[in-house]
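Structure first, then comments.
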């Protein structure tokens, strides 16, 4: 367990509004190893996305702990959490969240520029990552000029540009047709082998989840089943 990349123990999340309490996560515990491809499958409202937010330090648990490379993530300062998110964790969402007025290359380079990298170096690295995701012919295209699958490829490139240890992907193929979704999952497997980056993917699609190393099922805030692919 000490060599695990990401570990959570007894994670609970309770939302309170007036006199109403809603327990979304009910004591979730598991570990992700370096370079592992893991899926979390469950229906809408089962707690999958909430869990991902806690693991990425985008929200605080009501109880329990998250450890990243042996460090307790949820007890760190906001600045330390932000540093780990920027340098160690990539994020991909159902909607690509690309900047409409910028090219694919500029969107991918943006995290590097924000981190202080020189423009020429940032653009060179962005191009190399776009090459990796099969978009060497789309450097200068804006999001409106790309297909849905190409936009998600750019989103994955942006998530990978800082060489993160893990990418957290929340329904990354939810807006795509089945054929394109399969291509995106094949891309994740390819990137995992080439870069060594671990992936934790939230999805409701069992067929797509089966393409990864391990599949965990969530139901009503509980991790109820673990399967090895």
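Note that the numbers count up from 1, one per residue, in the order the chain is shown.
Each residue, glycine too, has its Cβ placed from N, Cα and C.
Taken from Swiss-Prot as is:
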- 42, 43, 44, 45, 46, 47, 48, 49: ATP binding site (BINDING)
- 9-228: domain 'ABC transporter' (DOMAIN)
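Each residue in 204, 218 lies on the same chain as 42, 43, 44, 45, 46, 47, 48, 49 and has a C-beta within 8 Å of the C-beta centroid of that ATP site, without being one of the site residues. Secondary structure at residue 49 (ATP binding site), as computed by DSSP, is helix.
Neighbour counts of Cβ atoms within 10 Å were compared for the binding-site residues 43, 49, and the top value is held by 49. Residues belonging to the domain 'ABC transporter' (9-228) score a mean pLDDT of 87 in the model. Highest local Cβ density among the binding-site residues 42, 45 belongs to 42, counted as other Cβ atoms within 10 Å over all protein chains shown. Here residue 46 (ATP binding site) comes close to 218, 219, 220, 221: these same-chain residues lie at least six apart in sequence, with C-beta atoms under 8 angstroms from its C-beta. DSSP classifies residue 44 (ATP binding site) as coil under the three-state reduction. Spatially close to residue 47 (ATP binding site) yet at least six residues away along the chain are 13, 24, 25, 26, 28, 218, 220, 221, judged by Cβ distances under 8 angstroms.
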